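As recorded in TrEMBL, the features of this protein are as follows:
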- A:12-128: domain 'Response regulatory' (DOMAIN)
- A:D61: 4-aspartylphosphate (MOD_RES)
- A:150-194: domain 'PAS' (DOMAIN)
- A:219-270: domain 'PAC' (DOMAIN)
- A:297-512: domain 'Histidine kinase' (DOMAIN)
Amino acid sequence: MTEVVSESPEVTVLLVDDNPQNLEVLYETLKDKGYRLLIANEGEKALDLAHRHQPEVILLDIMMPEMDGYEVCRRLKADPETADCAIVFLSALDDLQAKVKGFDLGGADYIAKPFQSQEVIARVRTHARVIRLERELQARNRELQGDQTRILNSISEGIYGLDEQGVIEFANPAAAMIVGAPVEELVGRNFFELHFATGAENPDSLPVQATCRQGIPENQRNIRLLRADGQGFPAEYRSTPKQEDGELRGAVVLFRDITAELAKEQALQEAQALVQEQRDQLAHTSRLTTMGEMAAGFAHEVNQPLTAITNYARVAKRMMARDEPDLDLLRQTLDKMEAQSHRASEIIRRIRRFMKKPAAGKEILAVPVLLEDTRQFAEVDMRNNDGGIEVVIEDGLPDVLADPIQVQQVALNLIRNALEATRSAGSSVPVRVSAGRAGEGFVKIEVRDHGVGLPEDAEEKLFHPFYTTKDEGMGIGLATCRSLIQAQGGEIGFERPEDGGACFYFTLPVAGREVESPASPEA
Amino acid sequence: MTDIQQTVYVVEDDEAVRDSLELLLKSDGKQVKTYESANAFLRDYSDKMAGCIVLDIRMPGMDGMELQKKLNEKHSILPIIFVTGHGDVPMAVDAMKEGAVDFIQKPYREEALLEKIEAALKQDLEQRKSLEEKQEIIRRVKSLTPREREIMDRMIAGQANKVIAIELEISQRTVEIHRSRVMHKMGTHSLAHLVRMVLSVKDLID
């Protein structure tokens, strides 16, 4: 009988009666039942105690001087601190009207005097339990709401709950912050009209529309939304349909202002562009350096056809000086001159193309053509006694996607290094340039020499700027090569072949490889 | 000496330069033979060759400088005109030290080249002439008997007949007979001429 109340020692019961005898009886009835009992013999005192202790149950006498029970009840219900107390009226007035009035004022129950102690105990217990449960429930509710609010408040993304027309049913503080209007002003407004200039007339094509109307989730970046003051801002949003019992009930929209992000991205892009520009600049400088080193070779190369042209011209003049010039022979000689002049301009064209300043950008390249061109280029620089350059291409080699000038620059650099190493070693084994497939979607180009080989610490230093093993070297060659090959999406490295010399290689991505390599289905 | 037919030997790896130079020199009336590499020339070489070599200093395989060394080892007297490119001057200087007669830088003027070729051919002719003279002297020296040779050496050293006779313990008359045979075999009547002739081939005899 007492177990329930004893389990809840904090349950407080306030007894209010102007009659001390009644109070005593009530007190005697309820004491030792595990309640904390408070006693008041008049209305004011009762209100004061109730306000301070928030009792679960108040047994309240109706007929009291000064302030009657109805008035006390009215005031208790008006005070939010005490509004939830269960008020049980006690009165001898055992008529229907009195009871109805008590219930109208918010009373929970009614006990007629003279009361039965068992009835008092039972009713107090019941109401105490109800109030306790109610209070617990409210506490839990508050807690949950608090959590939810905290979560919604702490999310930096704006959140809207929209109905199927796009009317904002819910907005979190972040939404209010982003949009620049208090939550209360946002709720009830139409999302499309609020955020889009054309929202009122032509909402059909707008973002989120498909989610609201058809339940299709959306996700877009860098759309333009209007703030409350009509100014636009770049936003990213994600909208998911809100469904209840399989029916579309609008959408939930998460959105954020990406102004700062875009600015960062912009800054990053600018920095990348700068790096790219500097790399191109360095590559260009390096090409000019290479050309400078090869100047004597080029002069020789251009002088050959020029010498031939001069000779042929002299021969032609002599032929014409004869009484009966052999026109056929003369024409042949002029043809030869023409061929030599094409040869000279071809050499100059090749030099100019190589020295051209900004990289032309990536193209689909045939590796054999590129390497043959580079070989001819490198031969300009060959000295007497050099063993030469062999180019070996694997059959059916796919095209690559790369910047032709930069790739040629790397190949030329490696070939020239190889020639120099060969020369230093006094070897006459030709430098071997080979190209073949390497793994998935790459072509590997190797430059192999039988020269002096590589220093012990090459692994650590070789591709570092300003590291060089050559007396006149600046040490930017290989560092530039690496940066150029990385820009093509390839790799560069070297090996020490067992039979001496060195082998440098680089890889280039096969053109169109993203399109052509779907996983083959299991047979 | 006009029976010697001089040839300009062109050693040049570049086909167009080789072809145009051949045409040019032929149109100038020269006899020309061309080679595409130093090795090709070396295979063909004999000391019967007369004329000059127009040699490209820069060639793959054996270069001009190396060919020059090989020819020097073979005691070739063919004058060499080196054809150089821009920036090859230090190499050309080395070549000159090795005995090249001249060098010309590509691209050259025809006149300059022809002038140098003419000079080289003239030099070749002279060298060849003096070489033939020396070879004649050597042939004559070799026709002397050991005794005649010994007496000639003493004559060149300035010993009088009497001194030679005493030192060789022969009669002065015998010395005189040997002496007139030496003069006859060497084809001269003048001691001064004999001395000049023998000294000119001094390195080649003994």
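Cβ atoms are placed via backbone N, Cα and C, with glycine included.
Heads up, TrEMBL stuff is auto-annotated, nobody curated it.
Note that the structure is predicted; figures quoted are calculated from it, not measured.
When averaged over the domain 'PAS' (A:150-194), pLDDT in the model lands at 88. When secondary structure is read from DSSP and collapsed to three states, the residue listed as '4-aspartylphosphate' falls in the strand class. Long-range C-beta contacts of A:D61 (4-aspartylphosphate), restricted to its own chain and to partners at least six residues apart, with a cutoff below 8 Å, comprise A:V16, A:D17, A:D18, A:N19, A:N22, A:G69, A:F89, A:L90, A:S91. For the domain 'Response regulatory' (A:12-128), the DSSP counts in helix, strand and coil order read 53 helix, 25 strand, 39 coil.
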